Amino acid sequence: MYGTWVLVPLNFLKFNFLSSGGDYYGTHKWHWYFTQGFTVMVFSHIPFCIAGIIYSKQWKFTGLLAWVLGFYSILGHKEFRFVLPVLPIALIFSGYSLAMIEDPSVSSPPHKEKEFSKKHNKYPPKMTAAILFLLATNIPMALYMSLVHQRGPEDVMNHLAKEAFQGKVKSILFLTPCHATPYYSMLHRNLPMQFLDCTPSSEEKGVLDESDRFMTDPVSFMSKFANNSSFPSHIVLFESEEQKLRSSLISFDYREEKRFFNAHFKVDRDLQASVVVYVRIIYSLI
């Protein structure tokens, strides 16, 4: 496929570890997994996880957990998904501490286990409180993060898919960070679409990619794009950039068609409160 022998795991090691190629997509402090990343993933299980580590004394699993988090902390580019494989280990420790609350004989010598089990026939108050605490903290967060937070890209693609089905969409330009939407996976139509390029090799040559150039100066980028490319029927962008480009888009005969909520707070870049769809006036009349 490449015209020469390629060992993918070796390339992965070279790009992400030896050459820090992953840093191109953003970096975090070395302690991010310990202070933010993994702690957010474990969330309200943290006290139970710590208790489980201490009382279970399963140091091999504890060492594995620490080694994975420590190794990935060396890399500049960090993501939640990188440490997802060790999340079950943390939850096992949490489960162990919950089992101890329900039945202290879990950590007792074998000869005491039967004696306690005979007396134990219902959940103790501490166990009930722990379960209610976990439900009260995790269910609202799960619902909010799954149904509300950063839902804009999916909503905008659902809208464009419906419009495309009715023949109202001819082409789409996404003036967003690269890979910000589900793209063709939700459109299901053979329409020309374009998003800003963020190929890593371009930065190695000292040249900013399309995405960086747009984020640095959206107005200048849009003016150059208008001179070198044909106008699409629809343009999609986040509100933070839309505010800077509104006058330019109007001058190019675009009008706002739809605005979709995206987030209440910023995550890793400027607040992207909503996703906005602009349509060129000649196509809005169809």
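Backbone N, Cα and C atoms are what each Cβ position is placed from, and that goes for glycine too.
Because the structure is a prediction, the values reported are computed rather than measured.
Sequence annotations record features per position, and here TrEMBL assigns transmembrane segment to 30-55 (among others).
What TrEMBL lists as transmembrane segment is 82-101 (among others). Counting only same-chain residues 6+ beyond the ends of the transmembrane segment (82-101), those with a CB under 8 A from a CB of the stretch are 33, 37-38, 41-42, 45, 48-53, 55-56, 58, 61-62, 64-65, 68-69, 72, 107, 124, 126-127, 130-131.
Residues or ranges marked as transmembrane segment by TrEMBL: 127-147 (among others).
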- Report, as numbers and ranges, which residues of the same chain sit near the transmembrane segment (30-55): CB under 8 Å and 6 or more residues beyond its ends. 62, 69, 72-74, 78-80, 83-84, 87, 90-98, 100, 107, 130, 133-134, 137-138, 141
